[in-house]
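Heads up, the thing below is written out as structure tokens.
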Amino acid sequence: MYKTIVLYLIMLPAIFIGTMAMVKNNLPLSIWIQNIIIWMLGCFLGLLFLNLSKKRKSTKSRSDFIPILMTILLLIIPFFTSNSNNIHRWLSIGPILIYTASIFLPLAIIYFDKTIIHYPEGYTLGLVLIILLILLFQPDAGQLTSFSCAISLIIFRKIDKPVLKYTSLFVLIIFITLTWVFIDNLAPVSYVENILFLVKDMGMLWFIFGIISLILLVLPFFTLRAYHWSYVSLGVYFLTEILVTFFGNFPMPIMGYGISPIIGYMIAMTYVIKHCNCGMNSISPMSKDARKGYQSK
């Protein structure tokens with residue numbers, strides 16, 4: 001229980017610092033309170049899910065494809081519901097804009113890590129290709145790059161056939177290159193994409209703490225001892241999601257305004273916590289014993 005609470009609290013420094021920057025810049029309560037509310041709600045729902053799923057064992061199931069297919073569907077819907085300068089990233093639910101990629105790509109990464117082991121690689125790679133095409137045409141260079149980097153680790157670790165492995169990695173590189181060549185021209189929003197600049201304006205100490213809070217977000221995925229590499233893939237996704245904000249106008253996750261990245265991170269962290277509590281936390285994800293333990297499931 002203690003570990004669970006600590007891992008959920010890891011988000012709090014980034015949320016707090018981002019909120020302080022928004023308050024300092026006179027943004028209304030209706031803006032900066034959203035991140036706090038969704039974090040509190042996410043903690044409650046995450047703990048509820050973990051409690052209800054304690055006795056449930058993970059098994060091979062064709063239902064593993066359902067979250068992936070759901071992700072694809074939700075990535076496609078914005079093409080028919082939104083058209084902001086030919087950008088199709090957001091799903092409108094009343095006054096709320098849902099950034100579907102930042103919520104559901106972590107979920108897809110989790111299940112791709114499962115399907116690539118239990119089913120023919122072609123099934124998984126075909127679905128990966130569909131997601132890449134959707135992200136390319138949305139367009140969303142930040143999410144495509146983050147997703148590709150995470151998937152490249154799964155492909156490198158889990159596919160044994162050299163030709164298929166390196167061809168797949170080459171295709172990922174092509175998609176990353178194309179998405180940066182045809183990058184969108186959306187202007188940045190100060191409290192979303194440029195939140196770190198607002199933090200810097202508060203003082204160098206705030207800026208340093210802001211950077212540390214962002215590092216804390218990805219640290220658990222690389223340091224927790226567990227029994228498979230999906231943690232590391234998720235860590236690569238979130239690390240890349242943060243890094244791309246320094247090279248383009250992309251939302252800074254967790255610290256910047258936006259509930260969707262918080263939900264996506266909560267999904268990933270709940271998955272990590274659930275598997276950390278499986279009695280396997282004495283095994284490192286880097287070890288051969290860890291891989292054998294995971295592949296035997």
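Every residue number used here counts from 1 along the chain in the order it is shown.
Cβ from N, Cα, C; glycine included.
As given in TrEMBL:
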TRANSMEM  5-23  transmembrane segment
TRANSMEM  29-52  transmembrane segment
TRANSMEM  64-81  transmembrane segment
TRANSMEM  93-112  transmembrane segment
TRANSMEM  119-137  transmembrane segment
TRANSMEM  143-159  transmembrane segment
TRANSMEM  166-183  transmembrane segment
TRANSMEM  203-222  transmembrane segment
TRANSMEM  229-248  transmembrane segment
TRANSMEM  254-273  transmembrane segment
Stretch among 5-23, 119-137, 203-222, 254-273 sharing the most Cβ pairs under 8 Å with the transmembrane segment (29-52): 254-273
Tertiary contacts of the transmembrane segment (64-81) (same chain, 6+ residues out, Cβ under 8 Å): 88-92, 100-101, 104-105, 107-108, 110-112, 114-115, 118, 123, 127, 130-131, 134-135, 137-138
Contact between the transmembrane segment (119-137) and the transmembrane segment (203-222) (3 or more Cβ pairs under 8 Å, separation 6+): no
For the transmembrane segment (5-23), sequence-distant contacts whose Cβ falls under 8 Å of one of its Cβ atoms, 6 or more beyond its ends: 31-32, 35-36, 39, 42-43, 46-47, 191, 195, 198-199, 201-202, 206, 209-210, 212-214, 216-217, 219-220, 252, 254-257, 262, 265-266, 269, 272-273
Same-chain residue ranges lying at least 6 outside the transmembrane segment (229-248) that approach it to Cβ under 8 Å: 102, 105-106, 109-110, 113-114, 141-143, 145-147, 149-151, 153-154, 157, 183, 193, 196, 214, 217-218, 220-222, 261, 265, 268, 271-272, 275, 285, 291, 294
